[in-house]
Amino acid sequence: MADAAEGEQPKLSKKELNKLARKAKKDEKAGEKGGNQQQAAAMDQEDASKDFYGSYGLVNSKEKKVLNFLKVKEINVSNATKDVWVRGRIHTTRSKGKNCFLVLRQGVYTVQVAMFMNEKISKQMLKFVSSISKESIVDVYATINKVDNPIESCTQKDVELLAQQVFVVSTSAPKLPLQIEDASRRAPTDEEKASEQENQLAVVNLDTRLDNRVIDLRTPTSHAIFRIQAGICNQFRNILDVRGFVEIMAPKIISAPSEGGANVFEVSYFKGSAYLAQSPQLYKQMAIAGDFEKVYTIGPVFRAEDSNTHRHMTEFVGLDLEMAFNFHYHEVMETIAEVLTQMFKGLQQNYQDEIAAVGNQYPAEPFQFCEPPLILKYPDAITLLRENGIEIGDEDDLSTPVEKFLGKLVKEKYSTDFYVLDKFPLSVRPFYTMPDAHDERYSNSYDMFMRGEEILSGAQRIHDADMLVERAKHHQVDLAKIQSYIDSFKYGCPPHAGGGIGLERVTMLFLGLHNIRLASLFPRDPKRLTP
């Protein structure tokens, strides 16, 4: 074969050509990668803020890091010019050009965070911060700056934070099931609804709130409601402790319905059945028989009532108390009324900001009460109702509408939202209620009302074993299931009385809320078992 002419390129096989093509493509990619790395390095070099923003990633306790955080509520003009760390949720974000503004929320408190592009705040940092989804939790290192004009959209109106560093602690999904601003908005009045104004802002309905309760609980109003509710429990405990009461813990799984009725949840209990307690009633009394003299308990109670109303739930928190007395059950009734009025005063003195916050979204007349509390006898209440057009029998129980109407009449006549109704008909009270000594139609029992709705039911209890058996039989209570309760009165028991208060109902009525579910963290009713 003749040699190739001088200067001519040797012919390559198809295999060799493909190999060269692959090498060229590989070299091209390597060049692109190198160029990209150089470009990224250049961008990093340009980003003067690269170490001052980003995400912590998953905080799984891999290191102990100490940062001294300042609470949002503590940010004020007295701290102006100080550099501080603050942790909170991103409530709102707005950015334009070289500026970015956040509202940082921590509980019920909010503060504005401002960022301006400069030699320390890069364009990349502004872009990153403005892209953080609402409700994400962030750490901000910033200088507290006094502002010339009040920031009306925040609780901290006289200051803002000039951010230097921003790090994401926990990211929220970008699409929220409801907006905090919408959930915080006051519901329109009837007049506003009737006007059919265009461009009305969205208002979140109750079911949507409860379906997405975790988000709804973040609103300032929800925080205020449950701070007040915690205050009710705290004051109830403190007032009774000072008066010599002992807190007890009563069982919630019991052998027989505690109220002697049918509205109970029956549960399997090994080879038999048990019930969820409708109240701690029997065990409060047994504690009195055990010479505790004055007791109280706070805990859940259960009612299997198929009532889908604004004031009923199947599970709620009971504030219950029981007390031995010397000669007359009014010793106890008046004590309970005094405890409640003392509690109302404490709430109005110590929770003014929270009461105002709730009132902004759910306007209501301030709660009124008098001292000493008004005590109205049942026959007198019946007379008052009849004088105002209500047809009702002497021994009839009060329906919910009649209770409301009576509350309205009492408010007009006595200028109080709180009163005691004494001497209920015996036929409408539980089996353990002591009959009236002078008129067998009535009983030594009482209810207490707020804004025309019952918040406490109480009475003198039967402390004689034989009489208790007689009344239990009358109410068709299975004696075998309450034998230990009956036996506790065979060995001598002081006369005693007490009552049970519904925590959520007191919260609702004190604040003038329209539905008890707003005063329950995760409410339970016949139609709701989740979340």
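A Cβ is built for glycine as well, from the same backbone N, Cα and C atoms used for every other residue.
Of the residues proposed, Glu354, Glu365, Glu454, Glu470, the one Swiss-Prot records at the same ATP site as Arg303, Ala304, Glu305, Arg311, His312, Met313, Gly502, Leu503, Glu504, Arg505 is Glu454. Following the DSSP three-state reduction, the secondary structure of Ser457 (L-aspartate binding site) is strand.
Taking a C-beta cut-off of under 8 angstroms and a sequence separation of 6 or more, Glu305 (ATP binding site) has the following same-chain neighbours: Asn263, His312, Thr314, Pro526. Residue pair Arg303 (L-aspartate binding site) / Arg505 (ATP binding site) shows a Cα separation of 14 Å. Around the Cβ of His312 (ATP binding site), 17 further Cβ atoms fall within 10 Å across all displayed protein chains. Burial estimate for the binding-site residues (Arg303, Arg461, Arg505): highest at Arg461, by number of other CB atoms within 10 Å.
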